[in-house]
Each structure stands twice: as C-alpha cells, then as structure tokens.
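**Q** Found this in Swiss-Prot, in case it helps:
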BINDING   Glu562  L-isoleucyl-5'-AMP binding site
BINDING   Lys606  ATP binding site
BINDING   Cys899, Cys902, Cys915, Cys918  Zn(2+) binding site
MOTIF     59-69  motif ''HIGH' region'
MOTIF     603-607  motif ''KMSKS' region'
Amino acid sequence: MTVDYKNTLNLPETGFPMRGDLAKREPNMLKSWYEKDLYQKIRQASKGKKSFILHDGPPYANGTIHIGHAVNKILKDIIVKSKTALGYDSPYIPGWDCHGLPIELKVEGLVGKPNQNISAAQFREACRQYAAEQVEGQKKDFIRLGVLGDWDNPYLTMNYHTEANIIRAFGKAVENGHLYKGSKPVHWCLDCASSLAEAEVEYEDKVSPSIYVRFSAVDSDAVLAKFNATDKGTGNISAVIWTTTPWTIPSNRAIAIHENLDYQLVQFNDERVILAKDLVEEVAKAAGVEQVVILGESKGKDLEWLRFQHPFYDFSVPFILGDHVTTDGGTGLVHTAPDHGHDDYIIAQKNGIEMAGLIGNDGLFKADVPFFAGKGVFESNDLVVAKLQEVGAMLKFSKIKHSYPHCWRHKTPIIFRATPQWFIGMEKQGLRQQALSEIKKVRWIPDWGQARIEKMVENRPDWCISRQRTWGVPVALFIHKETEELHPRTVELVEEVAKRVEQKGIQAWWDLDTAELLGADADNYIKVPDTLDVWFDSGSTYYSVVKDRPEFNGQEADMYLEGSDQHRGWFMSSLMLSTATDNKAPYKQVLTHGFTVDGQGRKMSKSIGNIVTPQEVMDKFGGDILRLWVASTDYTGEISVSDEILKRAADAYRRIRNTARFLLANLNGFDPKRDLVKPEEMMVLDRWAVDCAYQAQNEIKDAYDNYQFHAVIQRLMKFCSIEMGSFYLDIIKDRQYTTKADSLARRSCQTALWHIAEALVRWIAPVLSFTADEIWQYIPGERGEFVFTEEFYNGLFALDANEQMNDAYWQQVITLRNEVNRVLEQARNDKIIGAALEAELTIYANDTYAPLLAKLQNELRFVLLTSKAEVKPLADADVAEGEVKGFAVKVVRSANHKCPRCWHYSDSKDAESLCSRCDENVNGQGEVRQFA
C-alpha cells in the first residue's frame, strides 16, 4: 500500500496570488491608499528628517495626459519614494499651469471671444472653470499611475494666492532693476495676435522665396574710391543682399557688413556688384553669371556709411558694421530690417537707426505704406517680389525649403515684429553673467545639460514677458499717460495689487479703480493692459510655491525634473527669474529625460498610428508594468515604447513577482518574534544569501541615490534570477520542504528568506508600488501599515570577515555547479538520466577545486541537486575535463530506490520505504545540516 507523505512535508503556502492581475487590483489599492490617507502618513513618518524637495514642473491644464506625461510623473514618483526610503523627508506637491493661450482658444470655441460675445470678466471666469475641469481629469490619470502626492492640495497657477505671489515675484524683479519697456522684435503669431516666448516656438520645414536683391549705390565714385578700383568696370553699382522674407524689404533701413571680412567689387556681365570675397563664386553661380571680373577689394571697416538706394522707396540706407555677419551663406551683406530681427534691432539701435513700424497687430501693412497697404505679410511676399522685378532690383529669384519658426499652438509660420512690450533685460544688473555663473553651481543630469543651457543663456535675447491676452496674470504696473514712466511708488503699488488679487483673483486688477491706489495721481497714470507670459507664471513657482508651502520649510528645491525641451522652457524661465529676484539658481540639481518614441525610434503620431497611451497600457498590463518600463529605460536618451517592449517588462515583472511569491510561500508558519535564528547560528549558505542581499541593497541604494533606475532594475533582476532563482532558492527547496518544521535547518533558511523579503519589498516599492504594497501585507511579523513610510531595511548583514566560506568561495562553487549542470544536461540528452536526482556524480578535481568541494562534506549533493556526489583526485579521472580546466564530472544513473518523500535515490529498502534521512525527519530528532 502506497503511503501519502504529503502531510509530513513543509509545503509552500501563501495567499499571495501567482498572477498580478494588476489592471483589476490596482484601483482598489488606490482607493485604500486614499481612504487611509497614505500620503499624510508618509509625511508624519518623515517629520524631522533631512529634506529633499523635488519641485514639480506644472503640466499645462489642457487635454488628457500622454505617455510623455506618464514617464515624467513616474520618474518623479520613483525619486520621491526612493528618497523617503533613503531617510529623507520628501514632500511632493503636484502642480498645474493654468493661464494662457491654449485655454483661451478652447474657451473661445465654447463661449466666443472676450469683449465680443462675452465680457472679459466672464471670459476669465469661463477660463478658470475650464482649467479646473482639465486639472481634475489629468489628476485622476496621474493618481492612477500610482504617484503619491498631496493631490487634495496641488498648486495651480490660477489659485488666487499663487496669482498674488506671481505678481510679488514680478515686483521683486522690478525692484531689482531688471524690467524695461521697449519696442523691439519679438516672435509674433498672427493667429494668436500676440507675442510668443522662445519655448512656444517650434521649427518646421517651410518653402519660402529665396531672393538676391540689388541696392543701387547713391555715389558710384565714392564706392570706386573705397575699393581702389583701377579698372572701374561698367554698368550700375549695387550692393546685393539675400533674404527668404521679401515682405521685410519695405522695412529695410540698413545693410550690415562685417568689419574684418574682405569685400570685392566685381563685374557681373554688364553690371557691377559688391559681395563678400568668399561668396563671389557662389552668388555668381546662383545668379547664372558666367563673366566675373574682380575690380577692387576692401575691408568691411573701410566701407562703413556708404549709402545705397532702397529698391522701391525714396530714401537711401547705409552700410553699418555688425558682428553677426558671416560668410556661411548669402552674400556677406545682410538685409537689416530693425522691426523684424533681433540682430537687426541691436545693430540699428547701436547706430541710431529708427524702426519702420509698418506692420500692425493684425499682421497687415498699415494704411500709409506705399504699394502694400492693408496686405498681410505672407501674401505680400509675392507682391514684393513682383515690385522688385518691376523696378529691376531682382538679381535672382528662386524657392527654398528651410527650417522656419512656427507657433507651437497653431502650427503656422510666425514673424519677428517690433511691438511695445515689457522685457526682462539680459544685460540689466548683469543678469546674463550672473545666470551663467549660477549654472556652474548646479548638478546637471545628464551632464551635457549644462553646456546646452549655457549656450542658450549666452545667446538668448531679452525676455519679452508681456502678452496681449485676456486670461493671464496682469503686468500690474501704472505708467504715466504722457511719459510712460513707471509710477515712483511702483514696488509698493505692486504689493497692494497682490493683496487684492489674493482676495479676488486676477479679476481684481481689471476691476481696480486707479484712484483707489493712486489718489490724486490717478488722472496722470493708466494701468498696463498686458498679461504676463505664462512662462513667467511657471518660472516663478520657486517663489510662489516652493518658498510659500509650509511643507518645504523655506528650503529651496533640490531638484527640477522635466523633458529635455525644458532647457529653453521651464529650466530657463526659472533660472532667469530666480537670478533676477534672489541672485541664485532656484535648483541644486536638474534632471532631464528624453522623449518617447515607438519601437522603431519614430515620434508618436496619429498619422502613423503608433501612439501608445498610458490609459491603454494600464488597462492592458497595469500601472506597475508601465512603471517598470519607465524604470528599466535609460531615460537620458529617447525612450522607446511598443507592445513588444511592454511585454518584455511584463516578463521581468513576473520574475520579480515569482521570487516574492516563493519567499512568502516558504515563510509559511514562520513568526520572526519566535523563530528568528541569530546570524552566527544560521547555516553558512543562508548567511551567504543574506550577505548577497546586503551587497545588492548597497548597490541598489546607490543607484537610487544617483537616479540610475535602470541600474536598480538590472541589479534586482540579477538578484532574483541568478543569485536567488538559479542558485540559492533552488538549493534550499529540499531543506525547506523535508526537514523538521521547527528544525534549525529550516528556521535558518526561513530567517534568510524573511530578511530577504523585508529587503526586497522595500527595493521594489519606489518602482513596483502596487506590488510592494501587496507583498507587504503577506510578510510575517509586526510592521507598519504601509511599506512607503519605511526606510530601506537595516536588518541585513554582511558575512564576517573571517568567514572561510565567503562570497568568493560560493562564487567558485557556482562556477563548478554550472559545469555540473552542463554535464547533467548532456546526460539527460543522452538518456542516461531523467531528473537530476537520478544522478550519482563522481567529481574529479585538481588541488584547487577538490578541497573547496570537500568543505561541504556530505552536503555537496544538496548543492548540486543530485542524489550522490563524491570527489576524487583529477588523476583518477576516466572522463575528460569539461569547460572548467582541472575539473571533470562522471554521471551514472542511481541503482537505488527513489524515496517517496524526498525523491532522492539512496538507501530505501524498497520503492515504498523512506530513506534513512526522511525517516529521521519524520520519526526521529531530525537531520542536522551544517552548510546547505
């Protein structure tokens, strides 16, 4: 009769499910986290610890979140959770950017334009309501990602208190002397009818006219004298410029040349032209000129103030010197329209040349402009070309495809246009140099970020902070009606406005009666009607939020983390404002991540059909798979996502979950209070396993601390798959299942598993937050309610320095065991054995390996998972060495009976009898293990 020995075994048992079923389980966990006020419990547990402040860059409150948003928020959450585990107080206050044009456009579609279909005050209220709805929608999606934060009290740039603080930051910049009003060229969107910030400009390919234009010399003799032309040549003399914006020719007021460049007067067929020496050949080829004769040469500095007739207006323009002129293309003579180019404006100002002011806010030529009155700028391209051809000023016309600035919102070409605006001056009070100095004090991750933002700061123009919009924080200034000078009490008045905005929001500014603040002065001053650039809103959050929120205790932000496009966006605006108000950078570290692309490296696009949404991923795989994908990726470059890539993340997840389940199942019946074994009493292999976890934890903590999350996952997978899965957990099954339930051999093993589980759950919590919370509920022993309030486990220990069977020892054993497994696999293929336990091994080892294996005595077979293993000198070998030199393995099939309980082949009397080891474990005192 066959006896069932199942009840005599310590079989693994746990309520922790094998399948994650994340898409179904995670929402219930979120509900529990919210009901139990998890975020505030983390705050309480962290009170008094050193702080780490990651300041959330506000996403725009418009539309649903995309995969890039998910990457960004998950990276932030991993950092905040890992910093908490590393012993920091790391509050997370999510925020939203709520003012600005995109919301205005949406609301216009719903209620009409302000001051046409609806009052401006009603329009602002509609914008506020719309933004609030968008925030709620995005908030739900961010929470679903498993991101922990103060979601009940986020910062919104439209909160009255925040709006007031934005005005206060503005007032501080004014007080420190960084503000001025000027008419200078800014990016102008014809569709927005407003100026744009640098960060609101995108570059796309556009086909434009490419024209070479003649400006005839006013005094030909003066030109010939400057060029020392002995051969004077024949025909009209003209300076030739090149441009792709014919519509700016009416605004031309000068031609720029470089003082150190060589210029030549050359005969082109029957006319004479002035060109940079290095570009003569190129221009001749472009214009189809075959006969070229050099008539004279001169340095640019000697040609200054020569005058040339405007092609179709009755005035002349001078040659002026400019450092921006190069010979990279064109003619080396630069068409200069001060209204429509940054360099043009700077050089015109320097030379006392006034702007033309021909284009209105609507993008049309003003009514008094000859030839082009009432025409739009882009339609005027053809008209200007026709006019140039009519007057004989066109040397060459063609078309060119080139990169051209477009509005980020409308995707339409924009123009440079001079308008009266308010600016933060880069050279005022040494702002540019101070900002460059502050950049060097910041840690940039990856480090190329430093050079990138330095170059941007070096080259950026003054910051146009005013907008002609309705939904935005006001430029809260009073200016004199006649002189346009600021009121002498401006700083004080800005604070008075801020106090009112704090009570009633930005509408308080437009409702404000000037006399209320200015008294008798009210008749002489007007309120500025403009709003602040939304980049001022978000750029001032170091002031309006970080300095203000009590959770931050007046500390500055340790980290800003956004996509790499924010070097010219939020990182830039924050740096400029903080330097202007506080003379320092607002952050200590700046981390940037790349953009998401598909598996083939292509941008996400509706037309390609390769868009992956976070909502779809979570519905299919669950939030933890999305989080694991983010953590596994080197975020410093492009971040690839596809179904295949997510499936790989799901496979890795299963390995981690299976490891956790094995640990939990084998902790069945273990009470750490009662059963924990002291380190010195544990089996050597168990001590080594804890040491493995100890070493892994040090590396994982270091990787978290340095934001190397892919290194965290790699180390975690190595630990689960190799150190534990294919070695330790494999070996301990026999001891765990077959020894006496309360034996030292089993409790030692469970002690190791318990320590490892306590460590592992904390390692994965910043990334696999839902799964960690689930594991936490199943680990035996008293514990806090949530893993997220805990620091990394401090109960691990390293092997004693005097331990002979140290890590180096076990690494050698693993190498030899891998060789044994190779030989066993061959024996299986050769049908010598089926399962490994059918094998009896004779190992022939040299003087290095023999003593090493001998240390394990009769427990070597348990390490090798065979029924018998004996070691003999290599000289006795009757089989060849394998892949490890000095080591040979002979496999024979055991002739013994298989024990019905432990399945080892040994000294059982018959197939139904227990082996002596199992008999001792079932009926006696229990076997004694020393090593494994």
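Keep in mind that glycine also has a Cβ here, set from the backbone N, Cα and C atoms.
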**Q** Which residues of the chain, 6 or more past the ends of the motif ''KMSKS' region' (603-607), have a CB below 8 A from one of its CBs?
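**A** Result: 66-67, 595-597.
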**Q** Determine the Cβ neighbour count for Cys902 (Zn(2+) binding site): the number of other Cβ atoms within 10 Å of its Cβ.
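**A** Excluding its own Cβ, Cys902 (Zn(2+) binding site) sees 22 Cβ atoms within 10 Å.
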**Q** Cβ within 8 angstroms of the Cβ centroid of Cys899, Cys902, Cys915, Cys918: which residues besides those meet this for the Zn(2+) site?
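**A** Counting only non-site residues, the set is Thr738, Pro900, Arg901, Trp903, His904, Ser906, Ser908, Leu914, Ser916, Arg917, Asp919.
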**Q** Pop the mean pLDDT for the motif ''HIGH' region' (59-69) in here, whole number is fine.
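**A** Taking every residue of the motif ''HIGH' region' (59-69) together, the mean pLDDT is 93.
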**Q** In Å, rounded, how far does the Cα of Cys902 (Zn(2+) binding site) sit from the Cα of Glu562 (L-isoleucyl-5'-AMP binding site)?
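**A** With distance taken Cα to Cα, Glu562 (L-isoleucyl-5'-AMP binding site) is 56 Å from Cys902 (Zn(2+) binding site).
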**Q** Can you name the far-off residues of the same chain, 6+ from the ends of the motif ''HIGH' region' (59-69), with a Cβ under 8 Å from a Cβ of it?
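**A** Long-range Cβ neighbours of the motif ''HIGH' region' (59-69): 96-98, 100, 102-103, 106, 131, 134-135, 137-138, 141-142, 156, 563, 595-596, 604, 611-615, 617, 641.
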**Q** Is it possible to get the count of other C-beta atoms within 10 angstroms of the C-beta of Glu562 (L-isoleucyl-5'-AMP binding site)?
**A** 21
**Q** Give the distance between the Cα atoms of Glu562 (L-isoleucyl-5'-AMP binding site) and Lys606 (ATP binding site), rounded to the nearest whole Å.
**A** 24
**Q** Inside 10 Å of the Cβ of Cys915 (Zn(2+) binding site), count up the other Cβ atoms and send me the figure.
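**A** Cys915 (Zn(2+) binding site): 24 neighbouring Cβ atoms within 10 Å.
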**Q** Report, in whole Å, the straight Cα-to-Cα distance of Lys606 (ATP binding site) from Cys915 (Zn(2+) binding site).
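**A** Approximately 68 Å lies between the Cα of Cys915 (Zn(2+) binding site) and that of Lys606 (ATP binding site).
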**Q** Enumerate same-chain residues with a sequence separation of six or more from Cys899 (Zn(2+) binding site) and a Cβ-Cβ distance below 8 A; give 'none' if the list is empty.
**A** Tyr905, Ser906, Ser908, Ser913, Leu914, Cys915, Arg917, Cys918
**Q** Provide the three-state secondary structure of Cys918 (Zn(2+) binding site) computed with DSSP.
**A** helix
**Q** What does DSSP say about Lys606 (ATP binding site): helix, strand or coil?
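**A** Once the DSSP labels are grouped into three classes, Lys606 (ATP binding site) ends up as coil.
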**Q** Can you tell me whether DSSP puts Glu562 (L-isoleucyl-5'-AMP binding site) in helix, strand or coil?
**A** strand
**Q** Going by DSSP assignments with H, G and I as helix and E and B as strand, what are the residue counts for the motif ''HIGH' region' (59-69)?
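**A** When I sort the residues of the motif ''HIGH' region' (59-69) into the three classes, I find 3 helix, 1 strand, 7 coil.
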